[in-house]
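Asker: Just dropping this structure here.
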């Protein structure tokens with residue numbers, strides 16, 4: 001059975017685990033570097049990117065996760081995970097993995113009280129819109145030449161792919177729609 005690691009330090013990791021199970025794969029909660037070994041893909045959940053970055057450093061996960069993605073294994077970051085995957089973060093020196101050639105702006109849609117849901121058109125997932133749950137969501141402000149823009153909302157880039165790396169500003173794990181998780185799991189050889 002396909003094992004998918006889910007960084008389980010803070011944030012919506014349980015919801016991602018349920019989504020991975022619903023897609024027929026086995027979720028593995030990652031809290032230590034050795035737990036990555038058998039995983040064929042990794043999800044970095046939403047939560048608070050600064051806190052997750054500090055916890056990754058404290059648990060010696062930064063380099064193993066960076067290596068995991070640099071070796072070409074699939075990594076999917078949602079919300080805070082998008083921020084952590086970015087090469088650059090506007091007005092911030094916070095810890096990041098720097099795996100994707102993107103620049104992001106944190107909290108681009110406002111504060112917690114400004115959280116919202118919207119229908120998002122994601123052509124690679126078909127004609128039916130995706131329900132996007134935005135909670136203090138980032139957005140991408142610049143992409144490198146190897147980055148494909150998969151979706152935007154209000155002219156802000158919210159879903160990108162670079163090879164086997166996927167980053168989204170919203171929380172697909174908080175909905176019953178598994179299309180984005182299935183799309184990501186198809187990255188696995």
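Residue 1 is the first one shown; counting continues down the chain.
Cβ atoms here come from the backbone N, Cα and C positions, even for glycine.
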Asker: Name the one residue among 105, 106, 179 that Swiss-Prot lists for the same L-glutamine site as 47, 48, 49, 135, 136.
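Answerer: Swiss-Prot names 106 for this L-glutamine site.
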Asker: Quick check: with 47, 48, 49, 106, 135, 136 left out, which same-chain residues have Cβ atoms within 8 Å of the centroid of the L-glutamine site Cβ atoms?
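Answerer: Going along the sequence, the neighbours come out as 11, 46, 79, 80, 83, 107, 137, 138.
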Asker: Relative to the Cα of residue 48 (L-glutamine binding site), which of the active-site residues 79, 171, 173 has the closest Cα?
Answerer: 79
Asker: Consider the active-site residues 79, 171, 173 and say which one has the Cα lying nearest the Cα of residue 106 (L-glutamine binding site).
Answerer: 79
Asker: Write out the long-range same-chain contacts of residue 47 (L-glutamine binding site), meaning residues 6 or more apart in sequence whose Cβ is under 8 Å from its Cβ.
Answerer: 10, 11, 12, 79, 80
Asker: Spatially speaking, which of the binding-site residues 49, 135, 136 is closest to residue 171 (active site, charge relay system)? Use C-alpha to C-alpha, please.
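Answerer: Nearest in space to residue 171 (active site, charge relay system), counting only the binding-site residues, is 135.
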Asker: Among all protein chains shown, how many Cβ atoms are found within 10 Å of the Cβ of residue 173 (active site, charge relay system), not counting that one?
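Answerer: For residue 173 (active site, charge relay system), the 10 Å Cβ neighbour count is 26.
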